[in-house]
Amino acid sequence: MLLVVEQFLNGLQFGLLLFLLAAGLTLVFGIMDLVNLAHGSLYMMGAYFAATFAAWTGSFLLGAFLALGATLLLGIVLEVVALKHLYGRDHLDHVLATFGLILFFNEAVRLIWGPAGLALPLPAWLTVPVPILPGIHYPAYRLAIIVVALLVALLLYLGVMRTRVGMLIRAGASNREMIGALGINIKLLYTLVFGLGAALAGLAGLMQAPILTVQIGMGENILILAFVIIVIGGIGSIRGAFLAAIFVGMIDTLGRAFLPNLLRQVLSSTAASTAAPALSSMLIYLLMAIVLVVRPEGLFPANRR
Amino acid sequence: MKAFTVSKAVTALMLAGLVLLPLYSQASGNIFILTLFTRVVILALAAASLNLIMGYGGMMSFGHAAYLGIGGYAVGILAQEGVGSGFIQFPVAIAASALYALVIGALSLRTRGVYFIMITLAFAQMAYYVASGLARYGGDDGLTVYKRSDFSGLINLGNRVQFYYLCLACLFGVIFLIWRIVNSRFGLVVQGLRSNEQRMQAIGFPAKRYQLVCFVISGMMCGLAGALLANNTDFISPAAMYWTRSGDLMVMVILGGMGALFGPVMGAVVYLLLEEFLSQITEYWALIMGPLLLLIVLFGRGGIMGLLGRFNRG
């Protein structure tokens with residue numbers, strides 16, 4: 001029982017983290033029609049910035065806030081210097097150019113921080129276990145991730161659906177020439193959206209940092225998971241990204257936790273222990289394959305343009 | 001024979017260079033250059049197979065390295081299980097790649113555009129994780145191939161020069177095959193589908209079936225490259241199908257010129273030599289390579305072949 005609740009919450013936490021990453025990716029794709037492979041690099045930079053700033057200031061929270069600002073800024077610089085020239089180009093060009101950016105970021109990190117990973121230690125008040133149900137404790141930090149990510153998801157929803165800037169963003173997504181003709185500075189809007197996406201990726205990275213080590217290439221595997229989420233959820237749909245992210249986070253976490261035991265009931269224990277690791281890492285891709293067969297455009301496709 | 005062009009001259013020069021390379025290596029005693037170029041030729045073969053679906057078929061696969069891994073693992077696993085004959089290993093490598101391509105292609109071709117890029121990438125990553133989970137065959141650490149494929153005296157893969165010429169023969173064979181495919185009725189249909197799928201379907205061609213066959217052929221060619229790669233390094237690990245390798249292959253195709261027959265060979269030679277050159281200047285070669293890719297995408301349309309083609313008009 002304890003294990004089930006714990007793994008369930010772990011799945012939720014991982015799913016929400018994936019959502020932060022996928023939301024930025026799907027926003028940038030839905031609005032600017034840009035495929036950004038370097039999104040994972042922004043996630044990595046968020047983690048590195050947080051580890052560095054936290055060490056400088058001696059405060060985890062201050063470090064996290066500075067890192068958030070730094071990734072936002074980095075995203076804006078990246079958009080202005082390189083990526084805005086790619087708008088309207090072929091998707092293949094996006095893939096190649098941002099692949100180049102990944103090489104650049106990985107190498108830059110190796111140059112600046114060295115090849116060894118960093119650690120981002122948690123302050124004492126975040127390491128205590130919190131009782132969530134009678135007799136069941138859960139780490140405060142993971143709980144904090146869940147709360148922060150849910151809050152951000154809510155803010156994102158309200159921001160896009162209920163504010164004037166959000167309205168402009170949605171309008172820009174459906175017709176960029178028209179909104180430009182109405183006197184809105186669409187270029188500035190794009191830069192802001194890209195910065196927002198970068199900040200979301202940075203937030204995901206810095207929140208994940210204390211749980212895993214901060215290392216080169218940490219953004220790449222999770223980026224591919226974010227792709228899977230976008231494919232399942234439907235490109236350009238934030239709602240789809242949210243539901244698919246939680247779904248994927250749950251399946252991945254629960255699969256890894258419980259699949260070996262389940263297999264052991266069916267197969268011999270040696271066969272099960274051989275097959276389980278490979279099978280549990282395949283689960284979400286199998287899920288994606290099933291979704292593709294049933295709904296090729298994703299579960300919650302955004303409105304057609 | 002059509003008129004002389006700069007791109008033809010450069011291609012011919014490059015091919016002659018590839019054929020004569022072992023002579024230079026023997027004469028100068030520079031073994032390293034032969035090892036380097038064996039790798040170049042094998043990856044050029046993989047890039048050429050990607051060019052078939054990407055350049056001619058318009059299918060942007062970002063998971064092509066999976067076949068390198070599958071072909072390589074077919075050789076490695078069979079060798080470990082005591083099957084050393086290349087006459088078994090190579091067909092198995094190609095057949096396994098075909099099977100993977102058939103399943104992945106049938107699923108991925110339900111979508112198009114960016115979805116296709118992401119899905120092929122995700123499936124290749126799945127193959128990577130499966131290979132990492134193969135504890136019996138080394139898992140993450142990979143699998144050492146203690147004995148190269150045995151072609152019962154016909155050709156000795158342990159001999160550097162013979163192995164190089166085998167790889168080069170495979171490359172030329174595959175390019176010849178691609179040339180024949182592209183100019184066949186089948187190839188024209190596939191290229192027609194790239195330009196306008198709806199129109200081709202309206203004429204009555206079963207679009208997906210043609211694309212799937214093309215996807216499978218390309219996968220088989222790349223599986224062959226994988227089998228050669230495992231023999232070249234005497235080693236196969238999940239890293240062979242890591243997604244950056246798929247990215248490398250894509251870059252080679254674009255750099256050389258998409259849809260140009262010898263473009264991928266040119267791309268592979270330039271890309272890998274550049275990588276080698278930069279890594280000798282600085283340990284942080286990717287710091288230069290990354291922005292260089294960005295610049296190539298922004299300003300270099302049509303790749304090297306396109307650039308060479310411009311000389312004639314200008």
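Positions of Cβ are set from backbone N, Cα and C atoms, glycine also.
Note that TrEMBL annotation is computational and uncurated.
Copied from TrEMBL, the annotated features are:
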type	residues	note
TRANSMEM	A:12-35	transmembrane segment
TRANSMEM	A:42-58	transmembrane segment
TRANSMEM	A:64-83	transmembrane segment
TRANSMEM	A:95-120	transmembrane segment
TRANSMEM	A:140-160	transmembrane segment
TRANSMEM	A:188-211	transmembrane segment
TRANSMEM	A:223-251	transmembrane segment
TRANSMEM	A:272-294	transmembrane segment
Most Cβ pairs under 8 Å with the transmembrane segment (A:95-120), selected from A:42-58, A:64-83, A:140-160, A:188-211, A:223-251: A:42-58
Contact set, same chain, for the transmembrane segment (A:272-294): CB under 8 Å, 6 or more residues outside the stretch: 225, 228, 231-232, 247-248, 251-252, 255-256, 259-260, 263-264, 266
Listed stretch, out of A:42-58, A:64-83, A:223-251, that has the most CB pairs under 8 angstroms to the transmembrane segment (A:140-160): A:223-251
